[in-house]
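S.K.: Not my notes, these are from Swiss-Prot:
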- 47-194: domain 'Protein kinase' (DOMAIN)
- Leu53, Gly54, Ser55, Gly56, Gly57, Phe58, Gly59, Ser60, Val61, Lys74: ATP binding site (BINDING)
- Asp187: active site, proton acceptor (ACT_SITE)
Amino acid sequence: PSVNARPCSSPLVCPAKGEKFFGVGSTSRIRRLPPHLAWCSIDWEQLCLLNLLGSGGFGSVYKATYHGATVAVKQVNRCSKNHLASRQSFWAELNVVRLDHNNVVRIVAASTCTPASQDSLGTIIMEYAGNCTLHHVIYGTGYLTGNSNDDLKCDHGFLSTAQAIIYSCDIVAGLMFLHSQLIVHLDLKPANIF
């Protein structure tokens, strides 16, 4: 949900003329996170997707468990209409990995490699912020899905003035922090605020 103010946050470097893109003598694609992100590699055997929370132009977000904790998993589509934009979006989102703020979702782990069964450009595991978005609160909708037996119930009624002020202050605090780090949120909308 955030983009670094620099033009491209991808660690990819274009090769010089005559060099192979993935290194001399290498015929297989080896994709790794940059060294400063190596600590957050995904342990795939510990990840269990539970249900789809939402999807958009660049990918899908799932509720999942990772090492026993409830998390949100964002998978960026490989076959998106704009592959370069998808890749830049993935790497830009990882720019928040170093940030620590109460109003910014933390990244737990990430990977550019995925199991063969998944057709994704990359996967980001984030802290789980809950089932209910600001969109649900504003419009008083009770569920993310139509099934009232799901655990996706949003327990809020309509948004009061006091709640609106609290939400507004939290949103502004998070945005001010991101802006102080030269990061701009490019998809700010009630459905993306938990």
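Just so you know, glycine gets a Cβ as well, placed from its N, Cα and C.
Quantities reported herein were computed from a predicted structural model and do not represent experimental measurements.
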S.K.: Limited to the domain 'Protein kinase' (47-194), I'd like the whole-number average of pLDDT.
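M.R.: For the domain 'Protein kinase' (47-194), the model's average pLDDT rounds to 81.
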S.K.: Between Gly59 (ATP binding site) and the residue listed as 'active site, proton acceptor', what is the CA-CA distance rounded to a whole number of Å?
M.R.: 13
S.K.: On a simple 10 Å Cβ count over all chains shown, which one of the binding-site residues Gly57, Gly59 is most densely packed?
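M.R.: Answer returned by the neighbour count: Gly59.
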S.K.: Please report the number of other Cβ atoms within 10 Å of the Cβ of Val61 (ATP binding site).
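M.R.: That number is 17.
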S.K.: With DSSP assignments reduced to helix, strand and coil, which class does Gly57 (ATP binding site) get?
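M.R.: The three-state answer is coil.
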S.K.: Within a 10 Å radius around the Cβ, which one of these recorded positions has the most neighbouring Cβ atoms: Leu53, Ser55, Asp187?
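M.R.: When each Cβ's neighbours within 10 Å are tallied, Leu53 leads.
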S.K.: From the Cα of the residue listed as 'active site, proton acceptor' across to the Cα of Ser55 (ATP binding site), what is the distance in angstrom?
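M.R.: Computed Cα spacing between Ser55 (ATP binding site) and the residue listed as 'active site, proton acceptor' is 13 Å.
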S.K.: In angstrom units, rounded to an integer, how far apart are the Cα atoms of Val61 (ATP binding site) and Asp187 (active site, proton acceptor)?
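M.R.: On Cα coordinates alone, these residues lie 15 Å apart.
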